[in-house]
Each structure stands twice: as structure tokens, then as C-alpha cells.
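Colleague: So TrEMBL has the following annotated:
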- 13-46: transmembrane segment (TRANSMEM)
- 119-146: transmembrane segment (TRANSMEM)
- 175-196: transmembrane segment (TRANSMEM)
- 235-268: transmembrane segment (TRANSMEM)
- 341-366: transmembrane segment (TRANSMEM)
- 373-394: transmembrane segment (TRANSMEM)
- 414-436: transmembrane segment (TRANSMEM)
- 573-663: domain 'Histidine kinase/HSP90-like ATPase' (DOMAIN)
Amino acid sequence: MFRSYALAPLRCVALALLAVFGFVASLPLMTAIGAVVTYPAVLELVRRLTTVSRRLARAWGGVAVDQPYRVGPPPAPPRRHDGWYEHDGQLFKTQHYAAFFLRMKWLGDDPARARDWSWLLLLAPVGGLVVLLVPALVLAGVLLVAGVTGPGRRALDAAGLTGLVSWPGLAVPGWAVLAAGVAAIAAGVLAGPALLRAHGRWTRLWLGHPGLTWWQSSGFGAWLRRGGHDTWKAALLLGLSLTGFLVFLLTLLLTLVSGGFGIAWLSYGIRPMLNHYRRLCAEWGGGDPIPDPYRQREAVPEPGPDGRYRVGRALYATRDGARRAGFFPWVLGDPATWRDLAWMATAPLVALAAVIPGVLVGAGYFGLFWQALFWPLWGVPLGLITGFWVSPWYCWQLLTLGVPALDVLPGWTSVPIGLALGLLGVLLAGPVLRLIAGWARVLLTPTRSARLTERVEHLVQSRAEAVDAQSAELRRIERDLHDGAQARLVAVGLSLGTVEQLMDRDPAAARVLLAQARETSAAALADLRDLVRGIHPPVLAERGLADAVRALALDSALPVEVRADLAGQPPAPVATAAYFAVAEALANAARHAQAGRVGVDIRHTGGLLRVTVTDDGRGGAVPSQGGGLHGLRRRLATFDGTLALHSPPGGPTVLTLEIPCALSSPRTSTS
């Protein structure tokens with residue numbers, strides 16, 4: 001117990017230094033987070049700082065703070081059949097870059113990220129000043145005691161610190177100064193553990209699992225929290241916009257030096273950052289996702305009779321040479337490249353609006369309101385330690401130097417004015433964020449012609465895949481008939497021919513062959529039923545999709561809960577595709593997921609048949625090229641459907657498929 005009281009001042013100093021370091025480091029970190037290359041490193045550094053704070057809260061304050069982060073990191077993307085690595089619709093030549101962007105998305109999508117940054121900005125002005133009170137009291141007491149003792153006085157004179165403990169014109173007896181010093185030291189030591197616990201609770205409030213208090217769950221608290229988040233989100237988009245503008249200037253410089261080649265290389269290199277910017281604008285600004293507007297790169301043509309590759313009007317001896325030659329027409333001929341350049345040149349002009357809520361919240365709330373309101377927590381310790389007393393209204397006084405007309409107002413008015421300015425900044429943050437995202441939609445969204453071209457390419461590809469899938473299905477049916485029912489029927493025919501020959505000579509043997517023929521015909525009938533069930537299950541035609549899925553659930557090795565809300569029945573091809581998708585998902589959950597339960601939800605909303613399969617397994621599922629999920633995605637693409645898989649490590653795994661369709665008249669279904 002004595003040890004905890006004795007070490008409390010030193011621990012408070014360490015926590016105060018950590019708070020100051022985090023606050024000072026947040027400024028360059030907020031600048032570095034705007035660049036794609038440094039984005040994951042910055043988030044991981046912030047995580048390390050918060051992890052240290054959690055450990056110290058447990059060790060010194062006795063307050064346990066759990067890690068709120070998602071389980072991970074996610075596994076690196078597997079290699080595709082063509083040798084490339086895929087992440088979020090982008091192909092990468094090496095696994096390193098695909099894993100880099102996957103980790104960046106995993107870090108950026110973690111809900112705890114915003115709480116970490118809020119803690120980083122608020123730790124020094126709030127938590128740091130709380131723990132600084134302990135060493136301030138101890139140091140002030142030591143100086144007071146030293147000022148009235150002979151050796152201490154001589155030491156202060158030698159160090160030039162006599163002015164800290166001498167107040168001309170104020171007659172205070174030495175014993176009173178000594179008593180005040182001892183009392184200050186005792187107060188600091190005794191208050192140390194309590195303030196360490198308070199600091200630990202403050203850390204848990206920000207860095208623990210996000211449990212909502214009554215204030216946070218109230219309407220005003222939710223509005224204030226949302227506005228605060230919009231403020232730093234707009235600042236982050238401003239940083240990304242400035243990064244794009246710097247790339248634009250570099251592009252102009254390299255274009256002048258290289259004769260135009262710099263446009264292609266830099267425009268292609270910044271595409272991942274712009275795709276990340278599109279995702280942020282769609283997520284934060286509201287509205288539909290902003291799709292990737294870039295054209296697919298054409299494959300290298302096959303070599304001609306002379307073994308050379310033709311690209312435009314030029315012939316190349318090697319495949320790599322032809323591929324490099326096709327790079328520049330592909331990038332420079334894409335209208336999205338020039339729209340990207342237009343956005344990079346103009347985005348800072350729009351994104352500079354983010355400065356308005358940032359300045360109002362920073363200067364108004366933190367400068368005028370917070371520092372004046374909490375002046376006793378920082379101004380008094382600063383004055384006692386250094387002898388330099390700062391006015392609670394010093395920010396207001398600095399403001400009056402720039403705006404002399406405000407000098408007629410008393411200093412205390414900075415508190416309500418600062419609060420009003422901070423609330424105004426929070427109020428403007430949302431519209432500013434939507435303004436920045438709206439401008440991004442103007443220039444970074446695919447044009448109508450690009451969308452139509454992509455749509456045609458998608459339809460051509462899905463039609464080709466549908467033809468391939470149909471051909472494969474016909475070959476499977478032919479193979480199953482040849483190896484199963486056809487072979488059994490041939491055996492029945494041979495048996496019946498033998499029976500004809502044995503009827504008169506050996507009736508007993510003929511009866512045995514007839515029994516075998518009957519068994520073989522029954523087996524052939526079972527094979528035909530299985531084949532028909534694999535093409536279109538009878539229960540699907542008789543009872544509809546909901547009951548067909550319930551029948552699948554009864555046959556599953558896992559407990560399956562089926563919830564269906566269908567006002568009618570989807571078209572037969574759509575129902576068949578959804579049925580086999582659920583069958584594949586249940587099989588995967590039983591074989592690979594190590595799940596205990598599975599839930600299937602079927603509903604029709606907004607012209608979409610949506611089927612969601614959720615299991616509580618280990619997660620970490622990654623669709624592989626040629627796997628079952630890839631085949632499902634190809635089958636759904638025939639109906640313009642989509643398949644989405646969300647499977648973080650640790651689970652749960654959620655498979656969602658959506659197929660546009662209309663429902664027919666309702667069919668009787670069991671409950």
C-alpha cells in the first residue's frame with residue numbers, strides 16, 4: 001500500500017508525458033493518414049499507443065480495459081488461377097500489395113478506430129491534466145519547503161529559482177509556508193492512487209468496448225457525437241484531397257519532363273487511393289456506393305503467323321513488350337483517367353470547406369470554452385510550478401488582438417461564445433462532409449456511357465458463363481445417365497433376353513434373373529429420381545422455395561433455423577438457383593466452418609429476393625477461384641444477381657445473395 005502511494009506521483013508524470021506525446025504526435029499523424037502508403041502504419045501506431053494506455057490503466061489504476069478491436073488480421077488473399085491476387089475487385093501481381101490493401105481496409109473499417117483518435121486528441125487536455133495535478137502538488141510543496149529552509153534556499157538561489165517561492169509585498173510566516181508545503185506534498189501523495197483510478201476510468205470510457213451511457217444514447221448526445229465524427233471525417237477527406245492535388249502537380253511536372261508518359265504512370269498509381277476515397281465518400285456522405293469507373297485492361301493479343309504481337313499499328317517480338325505498349329493507350333484512353341485529374345486539380349477547392357468546422361470546433365470549443373472552463377486543472381498547476389500565471393481568457397485575448405472590436409466584451413464571455421462556435425462547427429460538419437462527397441460523385445462516378453459499356457460487358461460475360469454452365473450441366477446429365485440409369489437399363493434388357501431363353505429350360509433360374517432385373521430397374525428409377533432432383537427438386541415445384549429450404553434444413557448435419565417471409569413464389573429458375581445456393585452454403589458450413597448453428601433468412605424486398613445464410617463458425621472464409629462459392633456467383637450472375645460474403649476471422653460468416661425478380665401468386669406453405 002505504501003509503495004502505491006509513493007510511486008503514484010511518478011506514475012502520474014509518466015501518464016502525463018504519454019498524454020502530451022499522443023496529443024503532439026496526433027498532428028503529424030493526421031497529416032500522414034491522408035496518404036495511402038502510411039495509412040495502415042499510422043493506424044497501427046495509434047493502436048500501440050492505446051494498448052499501452054490500457055495496460056497502464058490496469059497496472060496502475062486497477063481498471064481493466066478490454067481490447068475492442070475486431071479479431072484479425074485477415075489472412076492474405078490466395079493466388080488466383082491466373083497468377084494474380086484479388087482484393088475488392090482489384091488485381092495485383094504480388095500478394096504483398098493485395099494483403100496491404102486488405103489490411104488497410106480491415107484497420108479502417110474497425111469501429112474502434114474513431115474512439116482511438118478521440119482518445120488521442122482528448123487525453124492530453126482532459127486525462128493528462130487530471131494526473132498532472134498530483135506531481136504539481138508535490139513539486140509545489142517541495143519548492144515551498146525548500147524556500148524556508150537554509151540548504152533548500154541556497155540551492156534555489158544557485159539554480160535561479162528563488163522567484164518561485166518569494167512573493168514581494170506578501171508577508172507570510174515561515175512556519176505557514178512550511179506547513180503549506182508539507183500539506184501540498186501530503187495531498188499530492190494521498191490523492192495519487194485515486195487520480196490514477198480516475199484516469200483509468202477515463203481510459204476505459206474511451207478505449208473499452210463501446211457501451212452507451214445515458215448521455216451518449218440521448219438524442220442530443222447522438223447528434224453531438226455524429227457531428228464530432230463528421231468533423232474529423234471531413235478533415236481526413238481534406239487530407240486525401242491535398243494528397244491528390246500534390247500528385248496532380250507532380251503529374252504536370254513529370255509530363256513536362258517525360259513528354260506525357262508521367263500522366264499514365266501517376267494516374268494509374270493513384271487509382272487505389274481514389275478507390276479508397278470513393279468508398280469513404282459513399283460511406284460517410286450517404287447514398288449508393290461509387291463504383292470503380294476504370295475500363296478493364298484488354299488481354300494481350302495472340303501472336304500472328306510470324307510470332308509477333310500486334311498492338312495498334314506496331315508489332316512486338318515479345319509478349320511483355322506488347323503488354324507494356326498497350327499500357328499507355330489503356331490508361332490514357334480511359335475517360336476516367338482525365339476525370340481523376342480534373343478531381344485532383346479541383347478537389348482541394350471544395351474540401352477546404354472542411355477547415356470551417358475544424359476551426360470552429362478546435363478554436364471555439366477547445367480554445368475558448370474548454371481551456372477557460374477547466375483552467376483550474378491546468379492553469380493553477382502551471383502557475384505553481386513555473387510561477388507564470390496564464391489568464392483563463394488568454395485565447396480570447398489573442399482573438400481581440402486580431403479583432404479589436406471584441407475588446408469591449410469581458411473575458412468571461414469567451415465561454416458561451418466558444419461553446420456556441422463549437423456547436424456551430426458540429427452543425428456545419430455534416431453538410432460540409434456531404435458537400436465534399438457530392439463533388440466526388442460528380443467527377444469520380446462513372447459516366448453514363450461508361451456504365452452502359454460496363455453493363456454490356458457484364459451481360460456478354462454472364463451470357464458466356466451461362467452458356468458454359470449450361471453446357472457443363474448437360475455434360476453432367478449425360479455422364480450421370482450413361483454411368484447410372486443407362487447402364488442399369490442395359491443390364492435389365494440383357495437379363496430379360498436371358499430370361500426368354502431360360503423360360504422353358506430352367507424356370508427357376510429365369511425367376512432369379514427376373515428378380516435381379518426388378519431390383520436393377522428399381523435402382524435405375526432411383527438414379528433417375530436423383531438426377532431429376534439435382535436438376536429441379538420436386539419439393540421445389542410442389543411446395544415452393546421456403547418449404548424446399550426447410551427440407552434441406554431437416555437433412556442438414558447441423559441445426560438450421562429457417563425464417564421465410566415471401567408473399568408469393570419467385571420464378572422457377574430463380575428459385576432453383578437460390579435453392580442450390582442454400583444447399584452449397586449449408587454443405588460448406590457443415591464441412592469447413594466448424595459451426596454449431598446455422599440460420600437461413602428468406603425475404604423479398606424492393607424487387608429483390610434476398611437469402612441470408614449465417615453460421616456461428618470460425619469464419620475466415622475466402623472464395624477461391626473454381627470453388628463452390630465462385631460457381632454460385634457465376635450461376636447468380638446469369639440472373640443479374642449478386643453474392644456477398646462477410647467472414648471475419650472468428651466468425652460469424654454471413655452469406656447474402658440477392659436476385660432481382662418479381663413474385664407470382666402465393667403458394668401454400670407449411671409454417
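If you go along the chain as it appears here, the first residue is 1 and each next one adds 1.
In case you wondered, yes, glycine gets a Cβ from its N, Cα and C as well.
TrEMBL: automatically predicted annotations, no manual curation.
Show me how these features fit into the shown structure, please.
Modeller: Outside the transmembrane segment (235-268) by six or more residues, the chain places 30-31, 33-36, 274, 276-277, 280-281, 284, 327-328, 331-332, 337, 340-341, 343-345, 347-348, 350-352, 354-355, 358, 433, 436-437 with a CB less than 8 A from a CB of the stretch.
Non-local neighbours of the transmembrane segment (341-366) in the same chain are 125, 228, 230-231, 234-235, 237-238, 241-242, 244-245, 247-248, 251, 263, 267, 270, 274, 395, 417-422, 424-426, 428-429, 432-433, 435-436, 439-440, 443-444; each lies 6+ residues outside the stretch with a CB under 8 Å from one of its CB atoms.
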Colleague: Could you give the residue numbers and ranges of same-chain residues that sit at least 6 residues beyond the transmembrane segment (414-436) on either side and whose C-beta is under 8 angstroms from one of its C-beta atoms?
Modeller: 223-224, 226-228, 230-231, 233-234, 237-238, 241, 281, 284-286, 350-351, 353-354, 356-361, 363-370, 372-373, 393, 395-396, 399
Colleague: Over the domain 'Histidine kinase/HSP90-like ATPase' (573-663), what is the model's mean pLDDT?
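Modeller: The answer is 80, the mean pLDDT of the model over that range.
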